[in-house]
């Protein structure tokens with residue numbers, strides 16, 4: 001039985017969950033969902049805790065008024081039940097798992113002001129509204145919401161038996177009779193107004209509700225009369241619709257729009273008082289306890305801190321918002337690592353998890369990165385067919401190799417003497433480039449692969465390189481004569497290849513879900529491990545001493561294998577998307593995995609792996625000519 005890997009940190013924020021960024025009422029913790037995990041980050045100490053209990057992506061999260069309870073709901077596959085979990089914040093544990101009454105998706109959750117009840121509503125394939133007793137975890141009452149799917153629900157601020165639900169083109173006010181276990185609704189009269197409602201906030205006195213729309217305006221209704229009152233802002237629509245809305249203590253309304261606009265609107269005349277722009281569609285507001293500041297989350301994985309008076313956003317956190325394609329450490333240095341994705345390369349501090357450098361090339365996608373061994377440059381391959389090299393501290397462009405590969409560069413690797421780059425392309429070419437101080441010249445173009453080159457590794461002497469390809473072959477090349485030495489064939493799409501530290505064997509992973517050991521002398525397969533039960537393996541890495549290897553892929557699990565035994569002893573869960581790369585740090589103290597969801601997971605290296613490293617570092621008697 002595999003033991004669970006300890007997750008030490010996560011760099012990432014899935015801003016696509018509506019109202020998913022929540023500042024805890026204690027003003028010290030920031031909560032947000034990331035895949036199947038809820039991240040609880042201490043703002044001041046920068047420590048992280050993780051709530052794990054969902055088996056699929058979290059679709060909604062909310063916190064009770066005092067902060068005692070957290071509720072989260074998930075999405076699942078068609079026809080399957082979707083769970084709601086109530087968490088105890090103090091103990092960071094599951095209080096209740098609410099099952100059986102919702103299918104496919106939990107659309108929205110809301111706590112009553114006195115924390116006695118939780119209301120949940122399913123998505124369009126479920127369309128049930130259920131109110132739960134928090135103390136017992138039992139359902140109190142429920143009702144179908146009709147054919148018109150619910151977008152959001154919200155309890156009143158001063159009543160635990162009344163709540164509002166907003167739909168496409170209609171608004172319902174619900175009244176619960178807990179003694180008779182019934183719930184009924186009244187339709188709000190909207191007159192001639194037809195809008196798709198996306199978000200709602202109820203004022204502090206429960207007199208009015210303000211609802212954001214996909215059209216980009218705000219509709220105000222009277223809750224007492226269940227009637228439309230007015231619409232605003234005056235002569236202004238927010239582009240791409242209003243995604244989130246909240247109210248500050250003086251009554252003014254904050255809205256976040258799909259075009260990245262944050263605006264403060266005067267509640268008395270519905271005019272815009274101040275506004276600002278941020279990167280990405282605004283999806284979350286979370287006010288501080290006194291309402292003077294707020295956190296803002298966007299779907300471009302950025303978190304801002306803003307004064308609610310002046311609306312001047314200040315960037316606090318950022319990460320990749322799309323699939324991360326590659327991951328690299330500098331040679332022998334574990335304090336930083338680099339990742340690449342659409343538009344940019346980012347360098348991270350592995351201890352503080354802060355972004356140190358961002359190298360942006362707008363409109364392009366970086367497929368591969370590598371640090372040269374001397375640490376003087378980051379080399380990268382891009383989908384426009386160019387190889388670009390950057391300075392690792394400033395991000396300044398050093399040089400560009402134009403037209404390195406037609407249809408895109410898929411992988412780059414630097415030699416140990418830093419004089420050459422070996423690159424692979426979308427059409428199967430492997431090319432060797434001589435790197436000078438002023439010029440970059442192609443030494444050889446090797447065309448034997450018939451499909452995308454997925455990985456290249458160079459041996460310690462720089463005289464051989466191995467390339468893996470989606471055509472089902474791995475080729476070991478002679479880098480002095482530029483000829484093929486051996487070729488490995490298998491009915492798979494090879495995704496990654498690594499040398500064993502003694503270079504007697506190769507390790508490959510691919511779409512056949514197998515981890516294969518190969519003999520470097522004759523190219524024969526020595527051993528095949530079933531690396532996954534459910535999906536292809538995209539990433540593999542091996543420890544310095546060759547005692548353990550780590551893998552990741554479509555099953556979203558990071559697995560550590562004993563190399564000689566071929567047994568998986570540890571696995572880590574947390575990714576919500578396919579794992580694209582996994583690397584062991586040069587000091588072997590932690591591992592980093594990246595995925596298609598744009599998140600970076602940092603894992604503690606298990607004790608037995610560290611012990612194997614310690615055993616391999618036992619001092620040996622120096623040979624002649626060596627310094628002890």
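Using the three backbone atoms N, Cα and C, a Cβ is placed for every residue, glycine included.
Where the annotation comes from TrEMBL, it is an automatic prediction and has not been curated.
Per TrEMBL, the feature domain 'EML-like first beta-propeller' maps to 47-303.
Within its own chain, the repeat 'WD' (402-443) is flanked in space by residues 367-374, 376, 379-387, 449-458, 460-462, 465, 467, 469, 471, 475, 477, 479, 482, which lie at least six positions past its ends and keep a Cβ under 8 Å from the stretch. Sequence annotations record features per position, and here TrEMBL assigns repeat 'WD' to 402-443 (among others).
According to TrEMBL, the feature repeat 'WD' maps to 446-481 (among others). Under 8 Å from some Cβ of the repeat 'WD' (446-481) lie the Cβ atoms of residues 410-417, 420, 422-432, 487-499, 503, 506, 508, 510, 518, 520, 523, all in the same chain and six or more residues away from its ends.
Residues or ranges marked as repeat 'WD' in TrEMBL: 497-528 (among others). Sequence-distant contacts of the repeat 'WD' (497-528) (same chain, at least 6 residues past either end, Cβ-Cβ under 8 Å): 455, 457, 459-460, 466-468, 474, 476, 486-488, 490-491, 534-546, 549, 551, 553, 561, 563, 566.
Sequence-distant contacts of the repeat 'WD' (530-571) (same chain, six or more residues past either end, CB-CB distance under 8 Å): 2-5, 493, 495-498, 500-502, 507-515, 577-584, 586, 588, 591, 593, 595, 601, 603, 606, 608-609, 612-613, 615-616. Under the heading repeat 'WD', TrEMBL lists 530-571 (among others).
Per TrEMBL, the feature repeat 'WD' maps to 572-604 (among others). Note on the repeat 'WD' (572-604): DSSP counts are 0 helix, 19 strand, 14 coil.
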